[in-house]
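Q: Quick one: structure below, then a few questions.
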Amino acid sequence: MKPTFPAIVTTAEMQAIEGAMFNGGLPIPALMEKVGQRLSHYLQAHFPTSQYPRVAVLAGPGHNGGDALVVARELWHRGYQVKLWQPFERLKPLTADHARYARFLGLPFVERVEALQEVDVIVDGLFGFGLERELTGELAHAIDEINTWPQPRVSIDVPSGLHSDTGAVLGTAIRADRTLCLGLWKRGLLVEEAQPWVGQGVLIPFDIPSVVIETALASAPRRYCLDDSCWQALPLSRSPITHKYQQGQLLLIGGSGQFGGSILLSALAARCTGVGMLVVAVPQSLKSLVLSRVPDAIVVGCPETPRGAIARLPEGLELGKFSAIACGPGLTPEAVSVVATVLRAETSLVLDADALNILATLSPWPLPSGTILTPHYGEFRRLFPDLVGTAGDRLDQVIAAARWSNAIVLLKGARTAIASARGDLWINPHSTPALARGGSGDVLTGLIGGLLAQQEALRATYGGVWWHAQAALEAEQQATSLGVYPEQLIAHLLPTLRRALAARV
């Protein structure tokens, strides 16, 4: 089954989508009421009145403020002690109606933001998507003060003060612990630099017709947010009469005297994918180590340089017989001939770590279709120096790099981005800084390599990224962010998959 992912939109695209719905007959008040109800249901579920009885709602002058006022009203009806702060004289008509009704119900409005200091949770509805001007003066000062308070802050759609396309801070912005994004993901929420203000992103759908989305985005490159649909990308269905040679053959190449553990981590991760045959090519001196830890693999010892890197691949190793080759973990920059040989192989490739650094010196562009590059931003800058600083932000840069190189480019980071050669983009909104340690990328390379040996490149890429991140999140729950070392991460791969599949039944 082909996964379907929620779209990521710009401000102009979201305005076109909402405009089409309104032109089709949906009353604006009806949409505001629906959105407010869904927001209040989320808040009641995650901030119950037993633990968070006192709620502050910051209401702006526009429809984001109207949504906030509906939330305030609904929480008030459900027994929460609500205080409203709306520091604006001029309101949009619909927002003014909701403010008037809130006063009629007796909800208390406070004049000064300091009056909110004793609440248990803060709901930010000052500004939504489309804000362009910088926040200054007393409003900016109030936001800065709110950011110093210890209570959890929940923003409606976009943290107030954050640009919804670029993720830039417009003077100042609410530092949200959670952002409840309405309808479709806004591009700016997924920019890596915006994450300290976005916190945990949660999509709150409000039933946008798929035909409206398709029409509005028909001429634009597609941008998607990964979600649980990624589990459908894994090669879980097998014929009852299959055999190992029909389940993919993966060649892993890497390791050195300096980085002996990297290729071992990749191999341990790769075998979790169920790949039929796993062959690992390492320096001769590492062969016994890898074989002792991965006895089900065929381990090929390679001639070494004096410093313990692979000098060349051995004669008789037929690269064309493999379904996929993953090259790079622990390789070292000495292995130029290895990468040059791999690039001539007529099979699917994953290139990581020093294979990328060597690739930057070889410049064999464009790459064979379906090649997967997995750089972090430092490696990306070495690979594509002409794009850095000239092609917009990182999301624009990764799209430009994929188009130029003819590869799938996976830019690792707090919000890992995947771009295809046709210019489509996928972003993983869920990850953890617990992965910021040596070896995490080696695990990802093994995962993607094992999946690539069994299926097409794009599915292998986003399936591997999602699986890797979800296993890390689960490991973090048990071991804290300090305990998600690579072997712990690998140990959680199959239990995470099993629980995800059980939840789908």
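Glycine is no exception: its Cβ is also placed from the backbone N, Cα and C atoms.
Here Swiss-Prot flags ASN64, ASP124, SER160 as K(+) binding site, drawing on similarity to another entry. Per Swiss-Prot, the feature (6S)-NADPHX 1 binding site maps to ASP157. The annotation (6S)-NADPHX 2 binding site is assigned in Swiss-Prot to GLY330, ASP442. Positions annotated as ADP binding site by Swiss-Prot: 412-416, 432-441. Annotation comment: Swiss-Prot describes 14-214 as domain 'YjeF N-terminal'. Taken from Swiss-Prot, the feature domain 'YjeF C-terminal' applies to 226-500. The region 'NAD(P)H-hydrate epimerase' feature in Swiss-Prot is assigned to 1-219. Summarising the annotation, Swiss-Prot assigns region 'NADPHX 1' to 63-67, 128-134. The region 'ADP-dependent (S)-NAD(P)H-hydrate dehydratase' annotation in Swiss-Prot covers 227-505. According to Swiss-Prot, the feature region 'NADPHX 2' maps to 376-382, an assignment based on similarity to another entry.
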Q: Pop the mean pLDDT for the domain 'YjeF C-terminal' (226-500) in here, whole number is fine.
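A: Result for the domain 'YjeF C-terminal' (226-500): average pLDDT 95.
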Q: According to DSSP, which of helix, strand or coil covers ASN64 (K(+) binding site)?
A: helix
Q: Give residue numbers and ranges for long-range contacts of the region 'NADPHX 1' (128-134): same chain, 6 or more residues beyond its ends, CB-CB under 8 A.
A: 11, 14-15, 60, 62-64, 67, 156-158, 160-164, 170-171, 182, 186
Q: In three-state terms from DSSP, label ASP124 (K(+) binding site) for me.
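A: Assignment for ASP124 (K(+) binding site) reads strand.
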Q: Based on Cβ atoms within 10 Å, give me the single least packed residue among the binding-site residues GLY330, PRO433, GLY441.
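A: Fewest other Cβ atoms within 10 Å, among the binding-site residues GLY330, PRO433, GLY441, is found for PRO433.
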Q: C-alpha of ASN64 (K(+) binding site) to C-alpha of THR416 (ADP binding site): distance in Å?
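A: For ASN64 (K(+) binding site) versus THR416 (ADP binding site), the Cα atoms are 29 Å apart.
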Q: Based on Cα distances to ASP442 ((6S)-NADPHX 2 binding site), point out the closest of the binding-site residues ASP124, ASP157, LYS412, ALA414, PRO433.
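A: Ranked by Cα distance from ASP442 ((6S)-NADPHX 2 binding site), first place goes to LYS412.
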Q: Check each residue in the chain of ALA414 (ADP binding site) that is at least six apart in sequence and keep those whose C-beta is under 8 Å from its C-beta; list them in sequence order.
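A: Non-local contacts for ALA414 (ADP binding site): GLU192, GLN195, SER431, PRO433.
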Q: For K(+), what surrounds ASN64, ASP124, SER160 with a Cβ no more than 8 Å from their Cβ centroid?
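A: Nearby residues not in the site list: LEU58, GLY60, GLY65, ALA68, GLY125, LEU126, PHE127, GLY128, SER155, ILE156, ASP157, VAL158, PRO159, ILE174.
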Q: Can you count the other CB atoms that lie within 10 A of the CB of ARG437 (ADP binding site)?
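A: The answer is 14 other Cβ atoms.
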Q: Across all the protein chains here, work out how many other Cβ atoms are within 10 Å of the Cβ of SER160 (K(+) binding site).
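A: If we count other Cβ atoms within 10 Å of SER160 (K(+) binding site), we arrive at 28.
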Q: If you draw a 10 Å sphere on the Cβ of ASP124 (K(+) binding site), how many other Cβ atoms land inside?
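A: Looking across every protein chain shown, the total is 29.
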Q: Tell me whether ASP442 ((6S)-NADPHX 2 binding site) sits in a helix, a strand or coil according to DSSP.
A: helix
Q: Which binding-site residues from the set ASP124, GLY330, LYS412 come within 10 angstroms of the residue listed as '(6S)-NADPHX 1 binding site', judged by C-alpha positions?
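A: Taking ASP124, GLY330, LYS412 one by one, the ones whose Cα falls within 10 Å of the residue listed as '(6S)-NADPHX 1 binding site' are ASP124.
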Q: Looking at the binding-site residues GLY330, LYS412, THR416, LEU435, GLY441, whose Cα is closest in space to that of SER160 (K(+) binding site)?
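A: So, of the listed binding-site residues, the one sitting closest to SER160 (K(+) binding site) is THR416.
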